[in-house]
Amino acid sequence: MSKRTATELETSSRSGEPFAKASGSGQRRENVTVDEMGEFEDAWEDEIESDEEVVDAEAQGEDGMEVDEVLPAIEESDEPQPAPEAFIPGHHVLGKDEILEPDDSVYIMRHAMNVNWPCLSFDILRDNLGDERQRYPATVYVAGGTQADTAKNNELIVYKMSSLHKTQKDNADSEDEDDEDDDALDEDAVLEYKSIPHFGGVNRTRAQPLPVGSSLPPVSQPYHVATWAETGKVHIWNVRPLIEALEVPGYVYNRAQVSTPVFTINSHGRAEGFAMDWASSGPTSLRLLTGDIHAKIYLTTSSPSGFNALSQSFQSHTSSVEDIQWSPSEPTVFASCSADQSIQVWDVRSRGRKSVAGIVNAHESDVNVISWNHTTSYLLVSGGDEGGIKTWDLRNVKKKGYGIFLSISSEINPSFSSSVDPDPTPVAHFTWHKQPITSIEWHPTEDSIFAASGADDQVTLWDLAVEQDTEEFGMDDTAEGGREVPPQLLFVHQGQKDIKEVHWHPQIPGTIISTASDGFNLFKTISV
């Protein structure tokens, strides 16, 4: 049986008639002998259309049917797709309807969590899951205070964030992944919480420090969290029962007792504040510093019998105290920064409650935040309202006055000799952020690395140990458009709005938690 050619198909279609077939009255073929198996023939001489003929006929629109023209398949290009362009703040501008998308290839872990009310201050709570942990999924505990619509709707909340898996990479090699390892899973994180009613918005939240390597205190002992309320009061709470309720299903605690502060500091009157920091001299001896907008700093101490707020304030600042940090090496020394553009160093034993050293005009505007290096205790980093970040060597800071004996370690220059420059300059100065610095914190174990957040919706990671090396790379660190990228800038995390605080997790190396008006971000990058 022969097939019709393309010419024959075209001729038949022009006549407007279907292909000719044998009529039902046509003469039969002679009978075929049963014993002989011959070539298959159609006894009725029907012409069977091949698949090729059917397709060609349909393309020509036979039988009155209109069929769209069959287009050839589009061949995929072997050329690689252009890599997405990194968004550089200050150089690139988002167009209309454009949004930022995270590049998950540079994250080991990244999670975003929304909350009912903005939580603009928080602290990380210690847990019993171990130090230096690297396994996933991870679990973290956080204490935070809300900024609700009315004073009575605020809460102090203990969050448990669990099932924090590694971020999956689109181009990950499946052969390199262990199918039996939970690290490779990509499940949704779980957010659980227990809360305490808190009258007034929470300006600052700080948790009692626990020694490195220590375990969470038993449920019979308190774990304190302090909150700076917009009402001017500082409350101290015991959150240990809330942690137990999140860890042990069915655990019941006395709600009335937990909802009552362990102690309330009324020293500031009705003046609200933001500066607050704990120090620990032992399991039963705690010290809490609080600074208000009227430039006053008060000290509250604890003993086995309870807390005691000292009545005399520390006064050397002339404007709002914005942040306070205890020295990591000297139990009686602390530093503070203020809207008066200065950084002051204090010793609680000094007469008259005056600062013993200071840096005047540390920034061109308000000094918003400071952080004392925990491993190199003479280094202090500060962030200003102008967006600048400065690192200071406190060995270059001159002592104020004479006749005051300070047992400050040699690293912090115990003599504060008169030969020291009275107007010290920072050992490092960065102007990457273009809006106020809202939070800054040294890495808990790496003495050259710190994290900062700004009102320009950026969290930045820095390493002072990195130096410019243009010869090795054959290029400079300048973005297209002329903006210089400092070589010490390791990473820029974006995507949050109105970022207020950032903290390193002390038990999960390299993990950062940040809070903003739209919730929490928790991430670990490939850079740290």
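Cβ coordinates are placed from backbone N, Cα and C, and glycine is handled just like the others.
Copied over from TrEMBL, here are the features:
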REGION    1-63  region 'Disordered'
COMPBIAS  36-63  compositional bias 'Acidic residues'
DOMAIN    97-165  domain 'Histone-binding protein RBBP4-like N-terminal'
REPEAT    314-356  repeat 'WD'
REPEAT    360-396  repeat 'WD'
REPEAT    430-472  repeat 'WD'
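For the domain 'Histone-binding protein RBBP4-like N-terminal' (97-165), the DSSP counts in helix, strand and coil order read 6 helix, 30 strand, 33 coil. Tertiary neighbourhood of the repeat 'WD' (314-356): same-chain residues 273-279, 281, 287, 289-299, 362-375, 377, 380, 382, 384, 392, 394, 397, 399-401, 404, 406-409, 411-412, 416, selected by CB-CB distance under 8 Å and a gap of 6+ residues from either end. For the repeat 'WD' (360-396), the model gives a mean pLDDT of 96.
In the repeat 'WD' (360-396), the DSSP tally of helix, strand and coil residues is 3 helix, 17 strand, 17 coil. Secondary structure of the repeat 'WD' (314-356), assigned with DSSP and counted as helix (H, G, I), strand (E, B) and coil, comes to 3 helix, 18 strand, 22 coil. Each residue of the repeat 'WD' (430-472) gets a DSSP state, and the totals for helix, strand and coil are 3 helix, 19 strand, 21 coil.
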